[in-house]
Amino acid sequence: MSASRSGAPVKDRRPTRRGTASKPAHKVKRFSTTDKVVLTLMVVGPLALEAVLIWFPTILSVGLSFTRWNGLGDLSTIESAGWANYDYVFTDYPPFWPAVVHNVIWLVFLGAIATPLGILFAVLLDKKIRFSRIYQSIFFLPVMLSLALIGIIWQLIYSGDNGLINSALGINGTHHAINFFGDKSINLWAALIAQTWRHAGYVMILYLAGLKGIDPTLKEAAALDGASFWQTFRQVVFPAMKPINTIVIVITIIEALRAFDLVYIINGGTNGLELLSALVVQNLLGEGQDLGVGSAIAVVLLIVSLVPIVFYLVKTFRKDAES
Amino acid sequence: MSTAIAESRKTVSGTKPATPSRNGGTYLFLTVMAVLWLVPFVWTLYTSLRPKSVTDAHGYWSFGGGITFSNFEVAWKSGFEKYLLNSAMITIPAVFFAILLASFVAFAVSRFSWRFNITVLVLFTAGNLLPPQILATPIYQMYKHLVLPLSFADSGSLLDTYYGVIIINVAFQVGFCTFVLSNYMKALPSDLGEAALMDGASVWRQYWAIIMPLCRPALAALATLEVIWVYNDFFWALLLMQTGSRLPITTAINNLKGEFVSNYNLIAAGAMITVIPTLVIYLVLQRQFVAGLTLGSTKG
C-alpha cells in the first residue's frame, strides 16, 4: 500500500531563499521522466520484495492464528477458529509455558552474564594492554561460526560418552557421566554457555568500536581529576556510549527471542530446551501439524519482539523524523 | 625539563598510572578466558586429526597416536563437497542481490527528500529484526502454493529450490544492508549530487558513477559480513529444502550426528570443513568483517 505512495517523489520543492543554512537539505530539483521512472523503480522493486516476503507473511501469520488448518489440504480446508488456538496454547498446550520461561531465562542469562562479559572484555582490551589484538582475535573467533555449528562443537565437549569434560574427569560412558545436552535439568544452562561463547565476542567487538570513538581527552580529564578506572567508566565512558548501549541492549533481546538454531541442533527444541521459535517450527514441520496453533505461538513471539524493535526504531529514527 | 614533560604525559595518556598488581589481574583474567575460549576449537581440531583406531583404544582424553587426514577424506566424500558447493550457490547470489537492491533504496532515500523516506527505512530495518520463525508458516505455504513449470523447478513450486532459499535470504538481509548503506550515503557531501545534476547527469549516472564508487569501503565491509551471515544461515534451508543433497553446508551439519553416529572423529572433521570458508575470511578479511559489524552500529 505505502509502496505505491512512497514511490512518487515529493512534489518539486523549489529551494526557498529563507537562508536555511542550518539544514543543508538536498532538495530534489528537476527530474526528467526517465529519472522519475528510475528512482521509482529503485524504491518500489526492493519495497515490493520486502512487502511480499516479510510483511505480508507476518500479517498472514496473524490471520492463520485464528484458523484451524493442518496445512496439507488446499486453502479451502482452512476453517475459522476464533480465539480457540490462543485458548489452547495458553491453557492446554504443555510446552508453551516452559518455552516462555526458557526464553525469559535465555534473555536474563544473556543480559546478566554474556553481554556484561563482552563489555568487560572490551573495556579491559581498550586499556593500553599488550597482546590486545591477539586476545581480541581469540574472543572474536566464535562470532564467525554459525550457531548450528556451535551446537555440534559443544556436543564434542559435553557428550556423556566421548565428550571432553566427561573424558577428562574419567567418568565418560559410566552412569556418573553428566549428559549435559541430554539431561533436561541442566541442558538449558549448557546451551547458554555455548551461546555465551559466541555472544560475548559479538558484544565485545561492538563495544570496542564505540570505546575507540570516545574522545580520549575526556578520559584524561577524568583521570587528572583523580577518578579511578571504574569511576571514569561509570561516569564518563558509559554515558558517552549511549548509541552503542542501545544497540547492545537490542541485540541481546533479539538474540534471546531468535534463539533457535542451537536448541534445534541439540534435540529439536524438546526435553528442557523448548523455546517459542522451536514450537512454531514443530507445529509446522512436525508430525501433528497444526498451523493455527503454530501461528498463535508465532503471534505471541511477534508481539514480544515488537517491543525491542519499536524501542530501537524510535531511538534510531526519531532524530531523522524531526529534521 | 623534557623528563618532566614525558612524566606528565605518561600520567595523562594512561587512564591511571598502572600499578603492576592491577594489570597483573587483567592479564591473568584475559589469559584464563582466552584459553577457555580456545578449548572447544582446539579440541575439535585435535579430535578431527586423530585416527579412530587410536581414540577407540585409548579414549578421547589421551595423547599421541599420530595424526591423520583420513577423517577429512571420509567426511568430504560423504557429501561435504556437494554441500559446500550448494552453500556457494545460495550465498553468492543472495549477497549480491541483497546489497544491490539495498544500494538502490539507500541511494533514493539518502540522496533525495521524499515524503516517505523514514517510513521506508523503518519498514526495511524492522523487517530485518523480526525472528524468522514468525514468517515461517506463511512463507512455507506461499512457496508451496506458487505453481511453477516443472522445467523451472522439479518440485513444481518454490519449495526445494535454490531460488526460494536465495530470495528469502535477500529479503531478510536487504533491510540491514539498506540501513547501513543509507547511513553511509547520508554522510557523503550533498553537493556531489547537486553538481552532477547541474551538469545534466541523470539520476542513474549519479548513482552508478558518483555515489557507488564512493561507497566501496562500505560495500566491501558489508559484503564480507553478509557472506558470513548467509553462509551461516541454518533456518531457511531447513524449512524450505526437502532434498538432502541440495542442503547448504550449515544446514547439512544437522545430519552429521545421525550419519556418523558416535564417530566423533568424523563429526569433528565435518565441523572443521564447515569452518574452513569462515576461517579463510576471518584470517584474510577480519578487518572488513569487523568494519561491517560496526558500520551498522555507529549511527547516533
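The backbone N, Cα and C atoms fix where each Cβ goes, glycine too.
Per TrEMBL, domain 'ABC transmembrane type-1' is recorded for B:84-285.
If one looks beyond the transmembrane segment (B:27-46) by at least 6 residues along the same chain, the residues whose Cβ comes under 8 Å of a Cβ in the stretch are 268, 271-272. The transmembrane segment annotation in TrEMBL covers B:27-46 (among others).
Here TrEMBL flags B:88-109 (among others) as transmembrane segment.
Residues or ranges marked as transmembrane segment by TrEMBL: B:116-141 (among others). With a threshold of 8 Å between CB atoms, the same-chain residues lying at least 6 positions outside the transmembrane segment (B:116-141) that come near it are 102, 105, 109, 159, 168, 171-176, 178-179, 182, 235-236, 239-240.
According to TrEMBL, the feature transmembrane segment maps to B:161-181 (among others). The list of residues near the transmembrane segment (B:161-181) in space but at least 6 beyond its ends in sequence, with Cβ under 8 angstroms from a Cβ of it, reads 86, 89-90, 93-95, 97-99, 101-103, 105-107, 110, 121, 124-129, 132, 139, 143, 148, 153, 155, 215, 218-219, 222, 226, 229-230, 233, 236-237, 240-241, 246, 248, 292, 295-296.
Per TrEMBL, the feature transmembrane segment maps to B:207-231 (among others). Outside the transmembrane segment (B:207-231) by six or more residues, the chain places 87, 90-91, 94-95, 98-99, 103-104, 107, 111, 169, 173, 177, 180-181, 184-185, 188, 192-193, 196, 201, 248-250, 277-278, 281, 285, 288-289, 291-293, 295 with a CB less than 8 A from a CB of the stretch.
Annotation source TrEMBL lists transmembrane segment at B:264-285 (among others).
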List, by number or range, the same-chain residues at least 6 past the transmembrane segment (B:88-109) whose CB is under 8 A from its CB atoms?
117, 120-121, 124, 162, 165-166, 169-170, 173-174, 177-178, 180-182, 184-185, 207, 211-212, 215, 219, 222-223, 226-227, 230-231, 237, 248
